[in-house]
Each structure stands twice: as C-alpha cells, then as structure tokens.
C-alpha cells in the first residue's frame, strides 16, 4: 500500500537499482503509465538473453589436434598461392635445357604375363612402369620434408619423359576407375612418375625345336624424341630394378629367368638413343604335346603293324586298316600345323610326324608287295599243276607246297610218301607240288603226327616271307629312330 505523498520504490530493469520517484507530484495517468512500463520491463528482464546476429557463424576455438591437420589447400583471402609454381615455368622444355643430359632412372614390376602367341609371334604383359628424375622447377619449401602425391591431371602440365615400347603392337594405360597414374614430388624437386600399362610386343621365336624348344623374348624401352645427349635412360637399381610376381604362370610355358640389359640404339636419321631391355626365357611344357601329338602318332604306327599278322588273303581287313592309319596320321599333321605359324624350315615335331607317316605308308606298300607276289606265285603254281600227270587210285590225296631247295634226305623223312612220285633233282622247279597219299593201314598215332606236320606246313605256306621279316624290321627301325630323336632334341 502506497501512502499519499509518500515515496514509491521501483526496481529498474535497465540499471538494476532502486529509483526514488515522487509519485504525489505526478498526474494520475502518468503514474499509471509508469507502473505499466515497470511491469513490462520486469517481465522482459526474466526472459533469457539472445545474442545479436552478426552474420558470422560461431566457431569453437581450435584444439591442439586441429592445429596439426590444417588444410593447406584452403583458399586464403586475396590472391591464392599455388603449392607448385607450375605457371611460372615453361615445362615444354626438359629440365636443365642446354646443359648435360638429364638422368632418368627406370624400374619395372611385372604384374602378369598374360599370353604367348606362336601364330602371331607376340606376347602380352601387364606391368608397373616407374620413372625417377629431378626437376628443380618443381621444388617447394617444406618444413617437414614430406612429398606431395598427385594423380594424372598434373602430368599434362609438367615435363615427363617420353618413354615408349619398341616393337610394340598394342599398349594402353589402365583407366579403371580413374587413370592409373601417380605423380609424387619431393621438396628438393625429385619426381616419381608411375603408371600401370598393358603392352603387346613382338617376340622373334625359333620353332626349329618345337615343341621341345625354349624361347627368349624382350620388352624394349626407349625415349622417342631425346637422344643420349639430352636424356640418359638407365636401370635405377641394376638387376634389382626388375621385380616379378611369384604367382606368374603360363599354361604352356615355364618361366625360367627374368633379367635386364641396356645398350645404345642407332638411327641413321636421328642419332643414338639409350635403350633398356626386359628379357625373359620361357621353356615349353612337353606333356601336352605328348598326349595330343606324340602318343597318337606312335599308336597309329603300332596299329599299322597289326596287318603283318593278318592273313594276306584277307584283303578287305588289311586294306581298310592301312587306309585308316594313313588318314589318321594326315589328320594329326594337319591339326598341329593349324595352330602354328607357317614357317619355311623343318621343326622337330614335323620330323617325328612325317617319319611316323612314312612308317604307316610303308606298311600299306608292304601289303601291296605281298599281295602282288602271292598272286604271281599262285599263277605259276596253276601252270605247273597243269603239266603234272594224273595221279589216280591214290587214297586220301593231299597237296602241299614245298620249297624246291629241300634235300633228298628231307624227302626220305616223310614216311609213307611214295618216292616214285618225287621228280628227279634236275627236273625240280622252284616250287614243287607233291601229292601225298595216306595209307588207311597207318596206325592212329602215326596219323596224328602226320596231321600235325601238315598243319605246320600249312601255316608256313600261308605266311609270306615279307610279312615275317616286316614283323621284326619295322619295330626295330622305329625304336632306333625314337632313340635318336629324343637324344638329339631333348
């Protein structure tokens, strides 16, 4: 309750102090307005204060960890300062232009040896190619002496060595998911330039010992524009500059050795150039060709020898067997030549296949000779039988062929055969037909012995001498040929 004419204490929100106001001297409306103002001021003082908007976002004080990871690529107010002064130099010129040749070290890591093609005489290889050189124009100050790494976009703005692959047919730089190019620059200006490349290059192969051969191929690197007076290519660590993956393998070849060499190459129009060589030696696996070529050819030759044991009167069997083996050998030779380049010299596999073909063909000719001589012999026997007198009244007559060179003692050993029917010695032809009469009074044991003798003579009669000799001569000569072949080409 306020006394009239008294003093009314009011707490001001602006000064937080008590103001002494003489209320009695103020009109009624003024006093009411003053009270409302004081109430409003009191309500506003109880609400939380809001910061005035300055147009800037609040940032917390940088911590100790943030100071170490400052973003040096952040653009500063004013003109930006580049990390490398690329625009200040002319990078179309090589480093130290006009001075001595710039040394460029090279090392290679072979990722895979993809394929070897005998038909096209080339190979495909995927590798990491790295260059090392120094360009003082790329030097930059650095307190930590750390290098900076860039992708392929910077390569188009600076000078890089123009190395290419000599005798290459196709090559490309991998670009999945981006260009596989890396550029690393050190504060003192040293540069590492690396790329991942697949290249198909020519390989001069010698197939004179195929498939028992070894091939040596080379991948050659050289500068395209700069001679040895401007650019000196060299292997950075000697033989250690070439690294290979231990898992590299090929289906037909065994990789024996990788090594590096270097020499100068001369072109009459442009001069001398440094050339680097990646050499590797391949040894062909023989087991595939043993199964696909040598074993089938050997089996066909052995199959042709079966005809020597077939009766020479079985014409369809021996002729069909000979034709089948000849055609099979022709198919094997055609299949081997289809997967090989058309070379003008004789290969080791050609020698084996053609010698085998000759053996098969000779077995066919052998039967032709047997058949001809047999026909000629039967014609002579027919004429001779027509000249003999009639042998009538002889019981159970049998006819057998004997060679005219038998002795009289051998004729006497034929018990039961009448000597009166044997011609005199001076009248014997080359082949004589002797009619044997078997007496019914012979004992059973004597008959069995005679039948066995006749059977043996019958077999001898139908086995031609050429077939007998061929059974031994053909295998013997083929074994000797194989011994010589494998001792020379293995």
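In case you wondered, yes, glycine gets a Cβ from its N, Cα and C as well.
Where the annotation comes from TrEMBL, it is an automatic prediction and has not been curated.
Matching 264-285, 286-307, 374-395 against TrEMBL, the residues noted as transmembrane segment span 286-307. In TrEMBL, the region 'Disordered' annotation falls on 54-74 of the listed ranges 12-32, 33-53, 54-74.
Across the domain 'Neurotransmitter-gated ion-channel ligand-binding' (87-285), the prediction's mean pLDDT works out to 92.
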